[in-house]
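Comments concern the structure below.
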């Protein structure tokens with residue numbers, strides 16, 4: 001896409017990279033962070049094992065099982081989807097499953113070592129999320145403040161329609177939540193709580209965190225059902241399973257568990273309420289997939305204008321938004337004129353305001369387009385014709 005070269009670089013814009021220099025070596029940032037995450041999580045779990053009288057050797061075997069599970073899940077997703085897809089939730093569940101097998105085979109008590117495994121897994125997530133921040137996976141929704149990815153990231157799979165567009169750094173939020181839950185889980189383990197306390201608190205905290213952060217994410221690869229993403233449904237299932245196992249006294253009940261759940265659910269409700277207030281009347285762009293479709297459509301219309309002149313050129317989204325683009329001249333400057341209407345009737349005033357805000361972000365205009373509402377409920381957006389570019 002075309003990006004206004006006058007937009008100032010933000011504090012996070014130095015972080016994105018597709019290659020990481022380590023002395024004389026150049027490595028892939030995400031692969032490096034995954035390896036560093038395994039090392040971090042494994043070290044933490046081993047230290048906790050030694051501090052609580054458990055076997056560091058068995059923890060090393062569990063770590064090896066986690067590595068095997070990581071590659072097995074990666075291979076399975078490649079067979080199913082035709083490409084390597086890394087979803088931490090899937091890998092975390094596979095790690096717990098592999099740990100159970102290793103612990104059972106060793107004849108050791110399961111819950112105490114699962115406490116250590118979950119603490120180490122959360123510690124690994126902290127570093128892995130930094131890798132996501134570097135390369136642009138698990139990225140956030142378009143936002144006025146955030147991080148901008150470059151054309152080199154698009155060559156590696158980042159959506160080209162978001163190149164140069166600020167996206168909310170949700171990876172930082174997720175890494176911060178992982179730090180909090182790692183500290184709490186490790187603290188519960190070191191405090192000598194009942195076996196399974198660390199497992200219960202860590203799993204509950206991570207699931208609640210995903211419910212909270214998922215609405216902030218902009219990557220469009222996940223399926224949605226009844227307004228919730230796959231990760232959110234997995235979180236609900238995990239929380240329900242923990243609740244059932246706690247009621248059956250398989251897992252212990254702790255005050256930490258209640259505190260984490262309450263704090264997380266309050267934050268989730270706050271984010272949900274904010275999203276509803278900001279997007280009411282604009283359901284056509286509620287999911288990341290539809291949002292990306294709209295951004296790609298704007299890019300397409302701009303490309304057509306660059307070739308075919310003044311326009312207008314009209315296209316429709318799968319959700320029923322009709323979008324056109326044209327160039328006009330007010331005598332002082334050249335303007336871009338976008339028109340948006342809906343198959344389902346008039347766009348509300350809130351929907352038009354949100355559209356103007358979104359188009360301003362996607363076109364990197366450094367401001368919000370002027371909104372002109374017609375009597376038929378059609379939204380007209382006028383903004384300076386974008387110029388400049390973002391270099392690799």
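Numbering starts at 1 and runs along the chain as displayed.
Positions of Cβ are set from backbone N, Cα and C atoms, glycine also.
Note: TrEMBL annotation is automatic and uncurated.
Residues or ranges marked as transmembrane segment in TrEMBL: 27-51 (among others).
Long-range Cβ contacts of the transmembrane segment (57-76) within its own chain (Cβ-Cβ under 8 Å, at least 6 residues beyond either end) map to 38, 41-42, 45-46, 49, 84, 86, 90-91, 94-95, 97-99, 101-103, 106, 108, 113, 116-117, 120-121. The transmembrane segment annotation in TrEMBL covers 57-76 (among others).
Among the features that TrEMBL reports, transmembrane segment is placed at 88-106 (among others). Using a Cβ-Cβ cut-off under 8 Å and counting only residues 6 or more beyond its ends in the same chain, the transmembrane segment (88-106) has close neighbours at 58, 61-62, 65-66, 68-70, 72-73, 77, 113-114, 117-118, 121, 125, 128, 206, 210, 231, 234-235.
The transmembrane segment annotation in TrEMBL covers 118-140 (among others).
Positions annotated as transmembrane segment by TrEMBL: 231-250 (among others).
Residues or ranges marked as transmembrane segment by TrEMBL: 256-276 (among others).
If one looks beyond the transmembrane segment (27-51) by at least 6 residues along the same chain, the residues whose Cβ comes under 8 Å of a Cβ in the stretch are 17-20, 58-60, 62-63, 66-67, 113, 116-117, 119-128, 130-132, 134-135, 137, 182, 186, 189-190.
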